[in-house]
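Student: Pulled the feature table from TrEMBL, pasting it below:
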- 34-96: domain 'HTH iclR-type' (DOMAIN)
- 97-279: domain 'IclR-ED' (DOMAIN)
- 1-30: region 'Disordered' (REGION)
Amino acid sequence: MTVGSRGTATAVTTATTTGPTAAATADAASRNSSRSLRRALGILDALRHDAARGLSLVELADVLGTHKSTVSRLLAPLVEVHLVRRTPAGRFVLGAGTLRLGQAYLEGLDLRTVAEPHLAALMRASGATCHLVVHDGLDVVYIDKKENTAVVRMASRIGRRMPLYCTGVGKAILAASDPELLDAVLEHPMPAVTARTVTDPDHLRAEIRTVAQRGYAIDDRENEAEVRCVAAAVVDHTETAIGALSVSALASHMPPARVRELGPLVVQAARAVSAGMGSVRCGYEPTGRNA
């Protein structure tokens, strides 16, 4: 009985002694693993910034601030899975595996899904109705709408198609696109939708230049007689304008001073969506800092 008691006591003491030690060891191993992973991601990011020329082992060690032996150890599995390739000259460049990852990422992107939280936040910040459109030929198509039910409802509806030339979202897309798109618009008739619709080609060209400089477009009762709209373009990973965000309200609720206040908010939201769609210019970081 005494022996049994001592045995039990010994077991308890051992568990008490080894438990924290094992946990500390596991914690240290986890930290080391995380540090190695961050360094491996750092290698990929460094190679992204010098994709054409690549980097030598010494240059990678300098960028990461670590020893060549550490970088060599981290490179081995990256080369094995084709995320990194070693050139005949002994330099390291991104491998074909990164292209496969990029393609998979792009296939998983959905503009409406990416934009939804930003559109909702813009509605709350502006107190007005917010729209998301996609560019389709010489038109835009409305694909989402966040409406402030406390104010007057807008007549817009999801699925509606409108011309580029007479909408804020359309003019934002024109300003962010190659000049050939505006040329194509001007080759077609531009009938007035309201008394304020811009139908003169020179006037529209001048306005698109202003939009490009300012960063956001204004529809001043040009598409609906009593509605003002502020819009900014959304671009994708190729920096191509694929759509736009807008804030719309009755002109009586959105005087010119309010338009100037809303402009930067719309631009900020559009840039956030663009970053989510892979635009590096708008802040996308492949290392995941947008998550």
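Counting begins at 1 with the first residue displayed.
Glycine is treated like the rest: Cβ placed from N, Cα and C.
TrEMBL labels come from automatic prediction, so no person has curated them.
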Student: Give me the DSSP three-state residue breakdown of the domain 'HTH iclR-type' (34-96), ordered helix, strand, coil.
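Tutor: Going by DSSP assignments, the domain 'HTH iclR-type' (34-96) contains 38 helix, 7 strand, 18 coil.
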Student: For the domain 'IclR-ED' (97-279), report the average pLDDT of the model, please.
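Tutor: Within the domain 'IclR-ED' (97-279), the model's average pLDDT equals 92.
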